[in-house]
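Q: OK, TrEMBL features for this one:
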type     : residues : note
TRANSMEM : 12-38    : transmembrane segment
TRANSMEM : 58-82    : transmembrane segment
TRANSMEM : 94-116   : transmembrane segment
TRANSMEM : 194-212  : transmembrane segment
TRANSMEM : 233-256  : transmembrane segment
TRANSMEM : 268-293  : transmembrane segment
Amino acid sequence: MTRPKLQSKCRGFVGENLLTILTLIGVFAGGLVGFIIKNSTGEWSKREIMYISFPGEIFLRMLKCLIVPLLVSSITSAIGGLDLSMSSKIATRAICYYFVTTISAVILGICLVTTIRPGDGAQIVTSERSEKTGEEASKVMTPDTLMDLVRNMFTDNIVGATLQQYQTKLEENKTATEPLPLNMWPFKESKRDGSNVLGLVMFSIILGTTIGRMREKGQLLQDFFSTLSEAMMIITSWVIWISPLGVAFLIAAKIIEMESIASTIQSLGWYFLTVMLGLILHGFGTIAVIFFLGTRTLPFRYVAKLSQVLATAFGTGSSSATMPLTIKCLDGMGIDPRVTRFVIPVGATINMDGTALYEAVAALFIAQFRKVDYTFGNIVAVSITATAASIGAAGIPQAGLVTMVMVLDTVGLPAKDVSLIIAVDWLLDRFRTTINVMCDALGTILVNHLSKKDLQSVDRLNAEPHELLELGANGHEKE
């Protein structure tokens, strides 16, 4: 190959992947700068860390601003553009994929933690801040969390769902002469800040199904949501150019905020390695096998194309905030928008493989550390609860800490033991979010592959005569 041709190819590669390269540089630069500052200067105040994270915070706020309009318009337009039988086929395939991958992640996590046994002999020293966070997270009951999950699915105010989520709040009875069990505490209905993603997804699915059944009468609404979805994607294409800078500052600020890195690694090193090994094996083993069985192709070339999305997921620690970028990237790969705009928003809400694996490992790790024996029945209960809890962690950073309390309760451990793993939770949160996003994207490609013939038949059924000729010509070309 001559030198001019090589230079031309290199320029072409850099031009096509410039944003991905810049984002990866941002991830490594943020980590490097964070470690240098952490090790070369004294302790930073919260205000100084806030100054460092400010550019990243602005980027994260811009992404989060797109979540609600994109989620509602994408799901509604995707389902509204298909008939009921086609929508149900895509939904069934997606949910089966989510179920299989989540159960596989939990089983893998349990196998690793029972084999490696990272909790045996661990010496964990918790900080005052960790203990305070654990104390706050422990003031919840598993039945309340599960019922709140269902209540949020069926929201009583769709406008309010864009701003707040329902939460049952326990109030300590300070007049009691002796400590009362949690089920004796008074409780009240409350709202906490943050979009009710589950409620919005459920409403969008029902609205999209209704528009699809209305046919011509619902066309105006269908056009509105399709146009809104397209507008959100254009805004996303502007916002993603800030991602290298935003990701770099977010990671640098988080590393500076860490307590002693050496003591954290010393006390929780085996636990961290167990979770990381599980995430790697699940992401590049289990999911790769499922993807290959469904498509007869290996997923690694698709993962390479998702590099920029995965780097952003690592930087933000939120699958919901990464959703606009994931949709845009899959559109660029030629995935049918009707599949992408349904599977990705739903996956970002309910498909949390990394979280399920992490919670199963964490519960049994704490049981080993506390020298609490667990039976096969406990392990089965942990599997079921970790799966349910991962659905409840609706795409927000470190939501796993709250749902972790449900899993600890299953093994009979005190909820405040969450404080034992808080020191490394922020970092593991970013790795498991990356796996969650990768799983959602590969699942979308898999569902698109399995639904291709069905989608083509729908296109033929709805096409005008001149469009049928174009579809036929395209079909012959592909063959």
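Using N, Cα and C of the backbone, Cβ positions are placed for all residues, glycine too.
Computed from a predicted structure; not experimentally measured.
I'd like to know what surrounds each of these features in this structure.
A: Here the transmembrane segment (58-82) has Cβ contacts under 8 Å with residues 90, 162, 195, 197, 200-201, 203-205, 207-209, 211-212, 218, 221-222, 225-226, 228-229, 232-233, 235-236, 239, 242-243, 245-247, 249-250, 316, 318, 320-325, 327, 337-342, 344-346, 458 of the same chain, all six or more residues outside its ends.
Beyond its flanks by at least six residues, the transmembrane segment (194-212) meets 67-68, 71-72, 75-84, 87, 149, 152-155, 158, 160-166, 218, 221-222, 225, 320, 345-346, 348-350, 394-396 of its own chain at Cβ-Cβ distances under 8 Å.
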Q: Taking 12-38, 94-116, 233-256 as candidates, which has the most Cβ pairs under 8 Å with the transmembrane segment (268-293)?
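A: Looking at each of 12-38, 94-116, 233-256 in turn, the most contacts to the transmembrane segment (268-293) are made by 94-116.
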Q: Could you pull out which residues elsewhere in the chain have a CB under 8 Å from any CB of the transmembrane segment (94-116), counting only those six or more residues past its ends?
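A: For the transmembrane segment (94-116), the far contacts come to 270, 273-275, 277-278, 281-282, 286-287, 290, 342-343, 346-347, 350-354, 356-358, 360-361, 364-365, 368, 379, 382-383, 386-387, 390, 439, 443, 446-447.
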